[in-house]
Amino acid sequence: MVMQYGAYIAIAGIGLYAIFVGEIITIFNFMIDPTLTDFFEPKSKILQFISIGVAPAVIMSGTSYMMARKFGSKQIGRLVIAGGIVLLVGMSYAYTMLDSIDKDYHMFTVIIVPPLFMAVSIPVMIVGALLFRIKKRPKKYF
């Protein structure tokens with residue numbers, strides 16, 4: 001089966017969600033037992049990870065939805081839902097790590113990221129589920 005452009009974009013979105021989750025878990029793991037504290041500011045690092053990972057991933061999920069909504073695609077819907085699940089599971093795990101983080105790093109940005117992106121993952125999965133409701137129509141080129 002040949003994949004559409006929207007499917008490739010959705011796969012890239014899943015990859016970016018996974019990268020963001022990996023970055024957040026890594027930085028939280030570092031903040032549990034920090035070794036080099038002189039050059040480390042968690043607020044700027046987390047904002048950098050958001051702009052590199054999850055912001056483009058949400059845009060890619062939206063783009064793949066916009067491309068598939070006219071003709072309907074369950075494959076793209078599944079991929080968008082998978083991206084939301086990756087984000088939800090990863091942020092749930094990061095949320096469990098918050099209690100173990102060193103008290104010096106308990107700041108608003110660090111505390112708000114896991115619940116915020118757990119909340120963002122819900123609309124992403126809803127958008128993917130909307131593609132299941134659209135009946136597949138034949139493409140008309142003329």
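Residue numbering: from 1, along the chain as shown.
Just so you know, glycine gets a Cβ as well, placed from its N, Cα and C.
Taking Cβ pairs closer than 8 Å, the transmembrane segment (7-31) reaches residues 40, 42, 45-46, 49-50, 52-54, 56-58, 60-61, 63-64, 67, 73, 75-76, 79-80, 82-84, 86-87, 89-91, 93-94, 97-98, 101-102, 105, 110, 113-114, 117 in its own chain, all 6 or more past its ends. Residues or ranges marked as transmembrane segment in TrEMBL: 7-31 (among others).
For the transmembrane segment (46-67), the residues of the chain that approach it from at least six positions outside its boundaries are 4-7, 9-10, 12-14, 16-17, 19-20, 23-24, 27, 76, 79-80, 83-84, 87, 109-110, 113, 117, 120, 124, 127-128, 130-131, judged by C-beta separation under 8 angstroms. What TrEMBL lists as transmembrane segment is 46-67 (among others).
Remote same-chain partners of the transmembrane segment (79-98), defined as residues 6 or more beyond its termini with a Cβ less than 8 Å from a stretch Cβ, comprise 7, 10-11, 13-14, 17-18, 20-22, 24-25, 28-29, 32, 54, 57, 61, 64-65, 110-111, 113-115, 117-118, 120-122, 124-125, 127-129, 131. Taken from TrEMBL, the feature transmembrane segment covers 79-98 (among others).
Tertiary proximity for the transmembrane segment (110-132) is limited to same-chain residues at least six positions away from its ends with a CB under 8 Å from its CB atoms, namely 20, 24, 28, 31, 42-43, 46, 50, 54, 58, 61-62, 65, 68-69, 72-74, 76-85, 87-88, 91-92, 94-95, 98, 101. Summarising the annotation, TrEMBL assigns transmembrane segment to 110-132 (among others).
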